[in-house]
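Participant: I'd like to ask some things about the structure below.
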Amino acid sequence: MSEGTVKENNNEEFNAYHTLTTEEAAEFIGTSLTEGLTQDESLRRLKAVGENTLGDDTKIDYKAMVLHQVCNAMIMVLVISMAISFAVRDWITGGVISFVIAVNVLIGLVQEYKATKTMNSLKNLSSPNAHVIRNGKSETINSKDVVPGDICLVKVGDTIPADLRLIETKNFDTDESLLTGESLPVSKDANLVFGKEEETSVGDRLNLAFSSSAVVKGRAKGIVIKTALNSEIGKIAKSLQGDSGLISRDPSKSWLQNTWISTKKVTGAFLGTNVGTPLHRKLSKLAVLLFWIAVLFAIIVMASQKFDVDKRVAIYAICVALSMIPSSLVVVLTITMSVGAAVMVSRNVIVRKLDSLEALGAVNDICSDKTGTLTQGKMLARQIWIPRFGTITISNSDDPFNPNEGNVSLIPRFSPYEYSHNEDGDVGILQNFKDRLYEKDLPEDIDMDLFQKWLETATLANIATVFKDDATDCWKAHGDPTEIAIQVFATKMDLPHNALTGEKSTNQSNENDQSSLSQHNEKPGSAQFEHIAEFPFDSTVKRMSSVYYNNHNETYNIYGKGAFESIISCCSSWYGKDGVKITPLTDCDVETIRKNVYSLSNEGLRVLGFASKSFTKDQVNDDQLKNITSNRATAESDLVFLGLIGIYDPPRNETAGAVKKFHQAGINVHMLTGDFVGTAKAIAQEVGILPTNLYHYSQEIVDSMVMTGSQFDGLSEEEVDDLPVLPLVIARCSPQTKVRMIEALHRRKKFCAMTGDGVNDSPSLKMANVGIAMGINGSDVSKEASDIVLSDDNFASILNAVEEGRRMTDNIQKFVLQLLAENVAQALYLIIGLVFRDENGKSVFPLSPVEVLWIIVVTSCFPAMGLGLEKAAPDLMDRPPNDSEVGIFTWEVIIDTFAYGIIMTGSCMASFTGSLYGINSGRLGHDCDGTYNSSCRDVYRSRSAAFATMTWCALILAWEVVDMRRSFFRMHPDTDSPVKEFFRSIWGNQFLFWSIIFGFVSAFPVVYIPVINDKVFLHKPIGAEWGLAIAFTIAFWIGAELYKCGKRRYFKTQRAHNSENDLERSSKHDPFEAYSTSTTLQSEINISVKH
């Protein structure tokens, strides 16, 4: 590739620099390894590719945002309602609706502002300065001026300014948790070159360093290969910017098809029918439907008057149209969600976007990062193998820093490999190993000195410190997480580093916490070991070692630890033959040790080896000693292999229980991690994400359940869609792998949540239907990209969020049913009312416009809020997730809406006609839709009766929909008395109770207060008509109870006809049972038995 090409496209097409040697990379990008770029060339490239930033600060277009907030179906219905309210001079209702519109617009402004903060938080991650070589000279420049081809120098404490192909490394480690989510530093090696035919994930490209990663050790030099949005961190920023995707430019379609698709998308976005959460999309579609029904009803009214439209006909048409608009719906929805968000705070869940609350009820898949989310993000020693001594296991340790927690046991003589393949079952596990060790209560045929040698090595080949903070009385640690895990075990065995060296650690424990071993060994007033030299961990050799002088026996000792292959290459002997004498290490011995390494690795443990050697002053002269302490190769030769340790990042205590409850609630959990596949698989099995008995499943299923990021990314969309099951574990995955997983779930019509805490999780957090970030350890970027933040970083808190989401969805369904049933009742009632004609042949209002608004906005609003506060049903988390496609508008809800609406219409119409023709003379008068005159007495009194009936029926309906099937009088069948049960039902939700009482009482002043009654509401005080209102309200209650009784009988019959299927749904199965070969075999056996 020519320099010109490189300049123009910033190498965005080429992503395989890890497969090139340093010389090939320099030639490819057009730079000199020694001289770097010239000033002229760097300026030319800067002009061509742009500054090394993640884009300009996102500006908020307030006008566009306000327009976007107003121009959707729900808000437009509110605007129309507001206009109608002001048209009929109902200033209070108009003012309330205006306030709701303003709140919605304000929420939109706040959310857009937070979205801008998300991007700006990412942009601030980049390093402000960079050290580069140009014209053969080292200079410091602003990081935004770095261009592809620059030779960049980085050292400890620097933030890498761009993606680099490393050309020199010296003990170079970087923190890539921003990209991979893994907390352990990554050792880099410039000399590595990966094969072009093999797939290498971002986290495994050890010859590259990535923009915004922190240098934690050493120094390095590299060629800048990617800048700005083309870097790995830039790809995350680009994905967070989003794309409206409203304009279709599909080359496979004609311009006419693209135009039609674009028009549909733009219209849907304008009305809110194809954006937002499922509930908001459904409500937007409902609003559009109700809008056109309202228009149709208004036309019907005018048609009934032969389109002779005067002011009264227009008002009647507006009244009928208004009856179809649930004006208080958005008010109640917003307030209910706000209250729900406040409740969530007390359950350690912070809701950033109210929409996400109802979305949680539909979640059926959760994709979670591992490190720090499912696990503690800290390392813990789990198994130790010392040849001929046995295997030490550490269990029940919850605090990785606390050496006083956990049980230590010994499996004498057995290695991990032998123990895992033992069929006898009785291996003689010794509990309380520490007490037995110091009481010398161990089997006679094992040598305690083997453990003492290993423990000394583990303690001294280590620079981490573990101490008890006097101020907080808590155990703390400093150092590398791996070394901390080893040092905690050493402290647990009463042999901390400072006990042997005499070094002081900050806030170290008092004398009572000091080791019994150290008290036994250490001479008064002097340290046993004196530190001579250290060979630090090197990414090339993958080990470290320390040289100490033992003041007690006057010997020099070299203690080493590191990756197994690295340590074993330095060893020439071990104690593995008889546990007493040092014997040469043969190839067969190495293979035996390697089997144990694999055995520990298969349990998800990170395995390290330990070795040592010692010699006296008499065995070396001064020159030889100097060579040993200064020459790594000499010091780390002819070591004696001592044993292995397996450490791991333990799951959070509550994770397994949370996963089990998610499965019980019909929610699948997927682990997407940057860790190695063995570790990820073991943790997933430990917490229940994967089944432990994988041998019960076909190989195809097992291969689909567990994949690496490279394997998953290597599949086409069609191949992913053809998988029998989407991966439950993806190891070594990149940010784009997580995004692809979310996309795959969406193609399977799954409604998913994504949890995470790092910058690398941000794109998937944003793409998921619900993004859940961690509040304590989460980055600002992940929080800003999320919908929900867990304030305690507790995976189990997601259960609280899901439960609250389901409760809220249930309650939203209840008050939507209540409000829409009232709309149906009012609309039918007013349409039927067209048959009532006055003496001039004009239709008479059976309800006035203000009466309609009063019932919709005032009477129904507070009970609807009360329904939004209903407690969760006992079986809420035993049900399957809500259907995100159907949402709250199930067939049952739709039928209930019309059923209750028709019953209410009948009751109100009976009350109106009973009053008009039964109690009164039946005269309809003239001009009774405007101002009162003497001929309107009967109409005005009948309106009062109908108004009271509809008001009270609406309130009774609120109680009836608390449970969609149970009788209101049998809500709590466990109560010992029907009277107690009734009062328990009405008093259980006190807000709802007082709302209904207020609604009942409010009917009286509205009917009796002068001026307000006849001038505003167009009705008059009544007497005997109250009896009719009460009677037909009771009739409505009876009708509603009979309808629910019919529903119960119907569903009972359905269950009887589908008993086997119902039993299948109600049982709590292993979520993996459908894929088990043993289940398939059992099904075949059952079928054969039946036949």
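These residue numbers are counts, starting from 1, taken along the chain as shown.
Yeah, the Cβs are placed from backbone N, Cα and C, and that goes for glycine too.
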Participant: Where Swiss-Prot splits the chain into topological domains, do Phe86 and Asn989 land on the same side of the membrane?
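Facilitator: Membrane side for Phe86 and Asn989, as annotated in Swiss-Prot: different.
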Participant: Asp757, Asp787, Asp792: which one does Swiss-Prot list with Asp369, Thr371 for the Mg(2+) site?
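Facilitator: Site partner of Asp369, Thr371 for Mg(2+), according to Swiss-Prot: Asp757.
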Participant: Among 816-836, 944-964, 992-1012, point out the range having the most Cβ pairs under 8 angstroms from the transmembrane segment (1022-1042).
Facilitator: 944-964
Participant: Can you work out whether the transmembrane segment (283-303) touches the transmembrane segment (849-869), with the criterion being 3+ CB pairs under 8 Å where the paired residues are 6 or more apart along the chain?
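Facilitator: Counting Cβ pairs under 8 Å (6 or more apart in sequence), the transmembrane segment (283-303) does not reach the transmembrane segment (849-869), since there are fewer than 3.
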Participant: Note down the number of other Cβ atoms within 10 Å of the Cβ of Asp675 (ATP binding site), including every protein chain shown.
Facilitator: 28
Participant: Which bits of the chain, at least 6 residues beyond where the topological domain 'Cytoplasmic' (965-991) starts or stops, bring a Cβ under 8 A of a Cβ in it?
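Facilitator: Non-local partners: 865-866, 869-871, 959, 1041, 1044-1045, 1047-1048, 1051.
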Participant: At a threshold of under 8 Å on Cβ distances, which of 313-333, 816-836, 849-869, 944-964 pairs most often with the transmembrane segment (886-906)?
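Facilitator: Between the stretches 313-333, 816-836, 849-869, 944-964, 816-836 has the largest tally.
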Participant: Indicate the candidate from Lys561, Lys738 with the smallest number of other Cβ atoms within 10 Å of its Cβ, considering only these binding-site residues.
Facilitator: Lys561
Participant: At an 8 Å Cβ cut-off, counting only pairs 6 or more apart in sequence, do the transmembrane segment (992-1012) and the transmembrane segment (816-836) clear the bar of 3 or more pairs?
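Facilitator: No; fewer than 3 Cβ pairs under 8 Å.
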Participant: Across all chains shown, how many C-beta atoms besides its own are within 10 angstroms of the C-beta of Asp757 (Mg(2+) binding site)?
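Facilitator: Taking all protein chains shown, Asp757 (Mg(2+) binding site) has 27 Cβ neighbours within 10 Å.
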Participant: Quick one: of the binding-site residues Asp369, Thr371, Asp757, which has its CA closest to the CA of Thr673 (ATP binding site)?
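Facilitator: It is Asp369, whose Cα lies nearest.
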Participant: Using a 10 Å cut-off, grab the number of neighbouring Cβ atoms around the Cβ of Asp369 (Mg(2+) binding site), all chains included.
Facilitator: 29
Participant: Please figure out which one of 313-333, 816-836, 944-964 racks up the most CB pairs under 8 Å against the transmembrane segment (849-869).
Facilitator: 313-333
